[in-house]
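Taken verbatim from TrEMBL:
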| type | residues | note |
| --- | --- | --- |
| TRANSMEM | 48-66 | transmembrane segment |
| TRANSMEM | 86-104 | transmembrane segment |
| TRANSMEM | 138-159 | transmembrane segment |
| TRANSMEM | 174-198 | transmembrane segment |
| TRANSMEM | 260-283 | transmembrane segment |
| TRANSMEM | 295-314 | transmembrane segment |
| TRANSMEM | 365-387 | transmembrane segment |
Amino acid sequence: MSLQQKPPRHIYDVLDPIFKFSRMVGIMPYHLKGEPPFVEVKVTSCNVFSFMVNLLANGACVYFNFFNSRLTLVTGSTAMDKGLGYLWPLGSFVSVLVSIDNILRRRTTGAIIEELFAVDRSLQRKQHQINHARQARVLMRILIVSIGLFTIGTLYSILMSSTFSLKSRALNSFSYALTGCGFMVVNFQFICAGRIVAFRFNEIEQCFQKHLDSGQWWIVKKDRWGRKETTIDVIAALGDDFAALVRIVGRINRIYSNQIVACISGVCLFSIFVIYVCTFTYYHGSIQELRLASIMFTAWLVYVTMVVMIFHAGTEVSAGGRNLLNLLNIALHREHDLNIRKKLTNLSQQILLRPPKLQNLFYEFNWKTVFSMFGFIVSYLVILTQFDTISDNRTDDSASPNG
């Protein structure tokens, strides 16, 4: 997973190390073979093997945690025992569904990358050079940070469970690593999709800014023999590029909508569970329970960090449309040619009518949604505090002689 020796030439080179990592963990079991624009999506025997290994590992996680849940009953807290018994199987089940969904949507993913490549070629025809190396560095740093958070959480879970039995320690560490890796890869793929699209919105903005500063809205290009001249309307061409990116955002929303809804919903429910259990353990728990609660709290911090990165990518995509709209307003105040002003007005109306948004069926990925989810979590925590039915077996009520 080291950085490439040669600088990336196009979007396929940028995504190649990311695809390799996803194939290695069995989340995205297919290859993109060929040289652009002639690239095919293929499933090889190695991809099938990695997918089957991932399937068997998640099946083992479900079996040992659900059907053999006595291994995780190491505390006296009913809330913690039941939560651990169902938390890891749910994560493994979602990971398997995501892998199957990625296989079924592999051609759609290949078509999206092909459209991104076409947008890059269109920008290059307008004499705008795209810095693919910077884009690759940003994505690789995000991947390294994600792997680092996941590794720290896994090592912490192993260290804090050192006082448990060997079976419980092995099961909890295996479940933590497996479900955490699947969650990290799914979220990282969505973050990459948002970042890649936001990067191209930024490139369109820079190209527009360059022509706005020069005042030249036409490009005259000659063929390689210098005989035929082609005139490019910069405003219309940038409008086509922007519309293509908006269509790509729509396809990304359709692909990752169900996956991200499941992951973020799981994080919200996990947040309610972890905060409640940590509070319960702080006041009534033993040292052993506190160790297990700290493991879940560390996992919660990793999950929340990944979710924040998802919403940050969503805000970057939305900001791309707003920034270009601000440049269009500046251009409308500068230009006096009626034909140019009409084209600028049409482009601004296009952006206003179809702004780019990373969203799913229920909400948009912005900070407003984050605050709404925070309110949801707080509301359910308040409801949980009104009930004392979820408690350990050593409460005063159960210990009373009349009970």
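Including glycine, each Cβ sits where the backbone N, Cα and C put it.
Counting residues 6+ beyond its ends, the transmembrane segment (86-104) has Cβ neighbours under 8 Å at 26-30, 43, 51, 54-55, 58-59, 61-62, 65-66, 175-176, 178-180, 182-183, 186, 258-259, 262-263, 266, 270, 273, 296 in the same chain. Long-range neighbours of the transmembrane segment (365-387) within the same chain, counting only residues 6 or more positions beyond its ends whose Cβ lies under 8 Å from a Cβ of the stretch, are 194, 264, 268, 271-272, 275-276, 308, 310-311, 313-315, 318, 357-359. Counting same-chain residues at least six beyond the ends of the transmembrane segment (138-159), those with a Cβ under 8 angstroms from any Cβ of the stretch are 1, 3, 14, 17-18, 21, 169, 172-173, 176-177, 180-181, 184, 187-188, 191-192, 195-196, 199, 294-295, 298-299, 301-302, 305-306, 309. Through the fold, the transmembrane segment (295-314) approaches residues 83-84, 87, 142, 146, 149-150, 152-153, 156-157, 160-161, 172, 176, 180, 183-184, 187-188, 190-191, 193-195, 198, 260, 263-264, 267, 270-271, 273-274, 277-278, 357-359, 364-367, 369-370 of its own chain, all at least 6 residues removed from its boundaries and within a Cβ separation under 8 Å.
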